[in-house]
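Single-structure report; data block below.
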Amino acid sequence: MNHEGTDMENGVMIVDDNEHIRQSVQMICEFEELNLVCAASGEECLEHLQAGFRGVILMDIMMPEMDGWQTIREIVERGLYSGNLILMLTGMGQPDSRMDGLQEYVTDYLTKPFGPDQLVDALKYYLKLVQA
Amino acid sequence: MKAKNIVVIGVSTGGPMTLKTLFSELPPLDAAFLVVLHITPEMDFRIAQGIAASASMPAELARDAEFMKAGHIYLAPGGYHLKVEGNHRFALYTGPRVNYVQPSVDVTMFSFTRQSAGQLIGVILTGMGRDGALGLKHMKDIGATTIAQDQKSSVIYGMPKAALETGAVDYVLPPLGIAAKLVELLGRR
């Protein structure tokens, strides 16, 4: 778990058990000079939020133990959603019924593989919104 | 000025970027725009500011008892259902979630009634689930023109697909096509 920058606000958090995805997002964010926090699991995501992270969260759906939907439910139930905005990362074409009741907390979807330009456009737009 | 033409837009996941694309293409039009986006109270004013930053018309959160004005964009606030009384006045209330959400697109669209003058237009954009499908059919039944986003441009082709399946959709278009259609239907101010 990368603790660097866990106290920052208006950053980006990538939550994905796939190291390759985390590294790809890290490279893009470094190039664009966006502050990034990496979490390899839903638990790590919750730890970063409890440590004060606020910003845009890129959330993988398919993760072992706590998947993306369970993680979002925990974020909401623990009162950690405020000040954040969640974009789901998925390799699937369509979400399933586990999203019912969570629509209001999932602002957008990025389908893997996503291009750097698509990711940067989304991050810059949504970072502006969370900073408003 | 009281709005004679009204555009109601229902949208969920993928909505902010889609709304940005749509409104950045629209010139000021002789209509009030009411957007019902599945959003939380924590984010609603930020989304409204995001729309305002990209639109040629002012955008703001809808307030209880407020009258819709032409040339304005209103966003339904998070945590409330929004009905429109007499097709012109906002009424916010809390109640059971409808289609798992609050605000619900269906609630807002079902609150409209047939009007003798002016145009009603209903639009369903990207989103998970079926919210807005029956509402859009209701709008069609009371004389509205109806539009659904196409599959290719939808981040999630749930709500537009459900709307299309009701048989009540007049036009299936991508966001830029929807913008062009709205200009065609409403004319510039």
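Note that Cβ sites are derived from N, Cα and C of the backbone, with glycine treated the same way.
As written in TrEMBL, here are the features:
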ACT_SITE  B:Ser12  active site
ACT_SITE  B:His38  active site
ACT_SITE  B:Asp131  active site
DOMAIN    B:1-189  domain 'CheB-type methylesterase'
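Same-chain residues at least 6 positions away in sequence with a Cβ under 8 Å from that of B:His38 (active site) are, in sequence order, B:Val11, B:Ser12, B:Thr13, B:Gly15, B:Val101, B:Pro103, B:Gly127, B:Asp131. DSSP assigns B:Asp131 (active site) to coil, not to a helix or a strand.
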